[in-house]
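Heads up, the thing below is written out as structure tokens.
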Amino acid sequence: MLHILALFSFFLVSSSHAALQDFCVADFTAHKALQATPAGRLQNLEWPWRLRGTSRRSPGGVLPLHTHPGATEIILVARGAVTAGLISSDNTVYVKTVEEGDIMVFPQGLLHFLVNTGGTEALIWVSFSSPSPGLQVLNTALFGNNLDSDLLEKITLLGDDEVQRLKGIFGGTG
């Protein structure tokens, strides 16, 4: 397990789009390639991947179909197992059982989900390629708003009863 965590840590800090001149150097007489800059003037000194925390899912627990329009997401299953899937931009569905020690990447903007299909609680470490990944849950985006029901019926091909039922579940109006 430690070798997996070490590999995961490598992804968190291995690449940076920051220019060499973006780093604060204590030696103001250093070689010209390392231009010293007072730390107060640094603008965007951040690692490209940010560990956002953990997600715990009880057996049968679901993280519904959602997207992060501002970042790629990487997960590491630290304990348990989950079924994870994504839908590509050509509507190909990819589903995999991600077990303890496995990593899965969800490309920026693609719909994806997690379901704990194991018999124990799953612990998942979550990281994003941006400090502002955004989050849009598909069901809430469709049915948790004030979009007119007649229009929603047309764009989803659902009947009035089903649209009203889903709006009731997700808090929509209209």
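These residue numbers are counts, starting from 1, taken along the chain as shown.
The backbone N, Cα and C atoms fix where each Cβ goes, glycine too.
Annotation comment: TrEMBL describes 1-18 as signal peptide. The domain 'Cupin type-1' feature in TrEMBL is assigned to 31-164. Among the features that TrEMBL reports, Mn(2+) binding site is placed at His66, His68, Glu73, His112. What TrEMBL lists as oxalate binding site is His68, Glu73.
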- [ ] Express the predicted model's confidence over the domain 'Cupin type-1' (31-164) as a mean pLDDT, rounded to an integer.
- [x] 85
Task: Check: same-chain CB within 8 A of Mn(2+) site center, minus His66, His68, Glu73, His112 - done: Thr67, Phe106, Leu110, Leu111, Pro133, Leu135
Open item on the list: Based on DSSP, tally up the residues of the domain 'Cupin type-1' (31-164) by helix, strand and coil.
Closed with: 22 helix, 53 strand, 59 coil
TODO: Let me know how many other Cβ atoms fall within 10 Å of the Cβ of Glu73 (Mn(2+) binding site).
DONE: 22
TODO: Please report the number of other Cβ atoms within 10 Å of the Cβ of His112 (Mn(2+) binding site).
DONE: 20
